[in-house]
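This report refers to the structure that appears directly beneath it.
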Amino acid sequence: MFPSKPIDLLILNGVECEPYITSDDTLMRYFSKEIVQGAEILQHIVSAKVCIIGIEDNKPDAIKALKAATKDIANINVRVVPTKYPSGGEKQLIQLLTGLQVPSGGIPADLGIVMQNVGTAFAVKEAIIDGKPLTKRVVTITGETLKSPQNVWAKLGTPTQDLLDFAGHTPEKQQRIIMGGPMMGFSILDASTPVVKTTNCILAPSAKKLPPQGDEQACIRCGLCADACPAELLPQQLQWFAKAKDHDKLSEYNLFDCIECGACAYVCPSQIPLVQYYRTSKAEIREIEQEKIKSEKARVRFEQRQERLEREKQERLAKHKASAEKRAKALEKDTSAKDKIAAALARAKAKKQASSDESNDSVSKSNTTTSSDSTPATKPANAAKDKVAEAIARAKAKKAAKEQQESAEIQADKKAQPVEAETTSTESVSTAEQERKAKVAAAIARAKQKREEAKAASQEKTTEAETKTNEPEAKSSEPQAKIEPQIGSEPEEETPLTAEQIRKQKVAAAIAKAKAKKAKSE
Amino acid sequence: MSVFSSIFKSSPHGAMGMTTNQVMRMVCYATIPGFITQLYFYGWGTLVQLVLCIGVAVLSEAIVLSLREKRIRRTLSDGSAVLTGLLLALSIPPLAPWWVSVIGVAFAIIIVKQLYGGLGFNLFNPAMAGYVVLLISFPVAMTSWQPIQPMLMHTLSLADTAYVIFTGYSIEGYNLQQLSMLVDGTTMATPLDQFKTALAQQQTVSEILSLPIYGEYGGIGSQWVNAAYLLGGLFLLQRGIIRWHIPLGMIASLFVLTVIASATGADTTYPPVQQLFTGAVMFGAFFIATDPVSASTTPKGRIIFGALIGALIFMIRQWGGYPDGIAFAVLLANMCVPLIDHYTQPKVYGHKR
Amino acid sequence: MTAEWKDIVLNGLWTNNPALVQLLGLCPLLAVTNTFINALGLGIATLLVLVVSNLTISLVKQWVTKEIRIPVFIMIIASFVTIIQLLMNAYTFGLYVSLGIFIPLIVTNCAIIGRAEAFASKNGPVESSLDGLMMGIGFTAILLLLGGAREVLGQGTLFDGAHLLFGEWARGMTVQIFEFEQQFLLAILPPGAFIGMGLIIALKNIIDAKQAEKKVKDVKSVERARVTTVN
Ligand code: SF4
Ligand code: SF4
């Protein structure tokens, strides 16, 4: 990840993110030397020619301290910016200091700028010069319900309650505790919420000083929000579109350039929770996009799978043809056993059936774990019978799974329920025929098996038995072996199944199993 | 481990404190200087109209809200209905019959505001739409502003005024026409009307302006009324309730056009200052055109919106059939708002255009 | 057969009312409905043209090829309009004058050509005449409603100018409902027609919505009953 441009400028952000917070201020006042050292290290790393430290004009002490610390360093400047929320935002500070705007969707590095917080510079110094890991940070504990609001070094992981107790917190009715500032912080519900790396402030305001937003009223298009918006959006237009869920318009009005600073909602006389609307809409749009990507992926996967199935079918047909020809030749040579011809033909037929069952079997084994799991190890006595039934069941499960996948692609997830029902019903219609076929095949297989049982005792798979007893067949099992790995490769493609799909497959498999049982009992 | 309040709202966790209700109330207060001046010059009529209009406005809003099954109390408390009634009361001739005010206010609230969806959804300025309906429907009643009180033969007490408004006759049995009689027994039209008629009679502007109904800076009453509204408007500006864009755009364009017209054209235009202090220019600029709902919302758009109104007022006064055109101008400009807004969107941070 | 007829009747009068639903023929609708009698005059004229043109078109439809059907329809309609115009000129001259250009303009009334195209050219003469009659009545009803309302609101009278349509004896029919000092001009001027029309359409939508609601309720209760019997 290299920036598109060489970095010319390192900006240290000494502008407090939000009102109430003074943690950066404290850090700059007492640790200006360390911050400057950190800045030099950072400057070296990103090879920036100049470093600017931006500080708001309401922090004279911090300005003095840093000016003193950078007195002798030529390429680190301290710049004072007016105190106006949200100048502490990355993009806003860059504009304030350089007059440049970070392009929409871009990062400051596109302009050759890197911005770090003063806290980061301090942590860099600690880490590189002193070799200390980041285990604590300055946290502002403030609010009208505290006896002694202050800045403290808080170990990461300190519960909020401890900090509040430390500052002498007397909760009022319906006390709100906000982690972060009043504009962008979030209310916490649980006092054991720990301090983390990004916790710059714990705010325990009184309801009087920071009244919770009242009831939302109609937007009167007063435009105060637009005046306040640092991204120069039109919040009230966005609000209309957000309420109407007009996602195209939202994008057209650049919803995604909103930095959720809250300035608009703060000034809104109708007390509309504008930011909340934007967050909801952003989440909706993101979800829709993800859904699109997902369905696109599913489509590609489905197409690839179709292609592969088609290819395999062709290959199998070719193999069968070839082996049939070989057998015919071999039979021509071996004229001694005429009655064997009939048997071989029957076997070939059975084989065809069995092998196709077999291939499905292995596919479904890898595909749906439950269907194979739930069938216990079969006893040799009716092993073959069970296996055939199992194979049928699996084939059906497989088919159902495939249909499920298709429908999952076409239909939205929510609609899956009716679709599922539909699939099962169509299946039950179509399977009557299949079952009949499968039963015929099973009968043939069973007949064969009995005959082969006489010849060979150990039977684990129909195919194996055939490989042993029949020479031509043995040859034909070789291509099968070749097919197997291809089939085996399927799980890799199938693994990114969502939990949803797996669940559906399981359901389908269960249905198939039930049907198989029914078929068996018949 | 304690659990905090479950008021779990998205950030920001506070508000500036100025609510819509307060904004509306502030606008109402700012009309006080103008209102008092109107009382002084035009008698008690304005007060009666005020009570009547606000009452009807609140009542019709409540009726519609109950039909729409909305929360009546809360919506009424936003004060927008009161403001609409107030503004209309201030623009209606003080002695207009009661049913004129009732029809105007009911139309403004029910049709123009609530049928479009209530506060925030109306395309047109309700007060002005109501005014225009009245002007079209009852041109006579709506244009018969009385001359200012000091010049009148009969001045009315409060009770007498109410009597006139509700019955058409004063207690002594004078009708409106007789009540408008000047001290010398003649009648006189409003300054703007007079200007038009006099121009048609080939009088020059300076001749017309020397008539007794004209003061130094405009109509003898209306110059002070305008000044009072200017004062109220400046108060609103100072309080940050309205922004300067619309009033300035409107006054500037009206002024500039008048200067150009009087410098180049024939002798048919008001002198620029008189233009601004006659009729309802200041009232319109600070109280009507700045209605946020029906005005443009982008900064640039607001200037254009204001300038458009100013230009339209000039055109209507200069060439139109009606003596004053603030209401028409505002409504016409309201129609252009979506277009203006569309083409004046501010440049979003990080976008090059 | 009767069900189909019922459909035609219902369509013309309510569900597919040319003025309220199809919003056709609005130009005369809005222009001449300033009094009840004007509305009635134009309504009757339109009604007659609708019936006879629908009938004629359905009779000749098999000889009219698709390509030239519109000119043919217009010719037929225009002839009838001319007849009506001449008749009105002869018998109700006052009304003829007060309706003015809107009588010949009936030719271009989309409601008429619309029915010709959508119905008469596809159905038999009996149905077509019925359709024309019902559409005409539906149209006239709205004209009358709007005309009556505007007249009452605008000048406080009803049936003003009845003598123009019915002759001198009808002069006495005029009813003075209110006495205004000043007319409520908005109602008489075209904007009043638009607003009134909007309100009438809104009213119809309200009624439809209420009925739909009722239907849904009925269906629901029936369903619930069935569920209980199954279980
Ligand atoms: S500040 Fe609030 S009321 Fe004003 S335009 Fe913005 S969203 Fe609407
Ligand atoms: S939260 Fe509001 S003010 Fe802040 S960037 Fe977004 S729209 Fe603008």
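Our numbering is plain: 1 for the first residue shown, then up by one each step along the chain.
A Cβ is built for glycine as well, from the same backbone N, Cα and C atoms used for every other residue.
A TrEMBL annotation is a machine prediction, not a hand-curated record.
Taken from TrEMBL, the feature FMN phosphoryl threonine covers B:Thr190. Summarising the annotation, TrEMBL assigns transmembrane segment to B:47-68, B:75-92, B:98-116, B:128-148, B:217-237, B:244-266, B:272-290, B:302-320, B:326-344.
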Surrounding residues of the transmembrane segment (B:272-290) on its own chain - C-beta under 8 Å, 6+ positions past either end: 27, 30-31, 34, 87, 90-91, 125, 127-128, 191-192, 209, 214, 217-219, 222-223, 225-227, 229-230, 232-233, 236-237, 242-243, 246-247, 250-251, 254-255, 258-259, 262, 305-306, 309, 313-314, 317, 323-324, 326-327, 329-330, 333
Recorded stretch, among B:47-68, B:98-116, B:217-237, B:244-266, B:302-320, maximising Cβ pairs under 8 Å relative to the transmembrane segment (B:75-92): B:47-68
Cβ-Cβ neighbours of the residue listed as 'FMN phosphoryl threonine' (radius 10 Å): 22
Stretch of maximal Cβ-Cβ contact with the transmembrane segment (B:244-266) [cut-off: under 8 Å; candidates B:47-68, B:98-116, B:217-237, B:302-320]: B:302-320
Positions whose Cβ lies under 8 angstroms from the transmembrane segment (B:47-68), at least six residues beyond its ends: 35, 39, 75-76, 81-82, 84-86, 88-90, 92, 94, 96, 98, 101-102, 104-106, 108-110, 113-114, 118, 158, 161-162, 165
DSSP state at the residue listed as 'FMN phosphoryl threonine', helix/strand/coil: coil
